[in-house]
Amino acid sequence: MAGLPGAAGTRSGSPGAAAAPPPPRLDEAFLCSPLGGLMGAQAVLGLLVWALIADTTYHLHAAYGWVLFVSIFLWVMTVVLFVMYLLQLPMKLYMVPWSLLLMIFNAVATVLYIAAFVTSSVAVRPTSWRQWDYNRRAAASFFAGLVMLTYGATTFFSFRAWKGLGGSAARSQADSRA
């Protein structure tokens with residue numbers, strides 16, 4: 001009798017529970033792609049850079065303020081983009097040219113990290129009276145160089161995706177429009 005139009009059915013739970021959208025799916029293919037791996041490396045290495053600088057007496061040297069600003073700003077932006085790609089938001093916001101946007105972001109990040117790497121490397125003084133600050137600053141310079149290289153590699157892959165050189169051009173156009 002439950003299938004008849006006038007019959008009263010029993011339902012457990014709230015009435016809006018059936019209409020709730022499913023939770024967002026994570027893009028496992030993105031995590032295994034070169035872009036996902038490089039963005040994950042940028043997040044981890046960028047975190048190391050700003051954590052190492054923040055643990056020193058950076059306020060005594062103006063150069064480290066710049067390095068700290070670049071590393072924290074780009075770390076936050078990279079994490080936001082990483083989460084957006086992980087949740088497949090670029091496919092939902094298809095009107096934004098994501099490949100071009102990602103290429104420009106990575107190119108600007110590469111240039112900023114080149115400046116931060118050079119600034120941090122020049123400001124390291126081995127004759128510091130605080131040996132632990134020297135070690136942390138030298139390590140931060142090393143990791144800034146690694147982050148700079150990962151942003152450069154991501155710029156290269158973003159450029160290839162923007163031009164449609166990474167695989168078939170029809171697939172990259174379909175991905176950018178989907």
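Think of each number as a place in line: the chain as shown, counted from 1.
Glycine is no exception: its Cβ is also placed from the backbone N, Cα and C atoms.
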Between 1-21, 148-168, which stretch does TrEMBL give the note region 'Disordered'? 1-21
Counting by DSSP, what is the helix, strand and coil composition of the domain 'MARVEL' (30-163)? 115 helix, 0 strand, 19 coil
Output the single range from 35-54, 66-87, 139-159 maximising the number of Cβ pairs under 8 Å to the transmembrane segment (93-118). 139-159
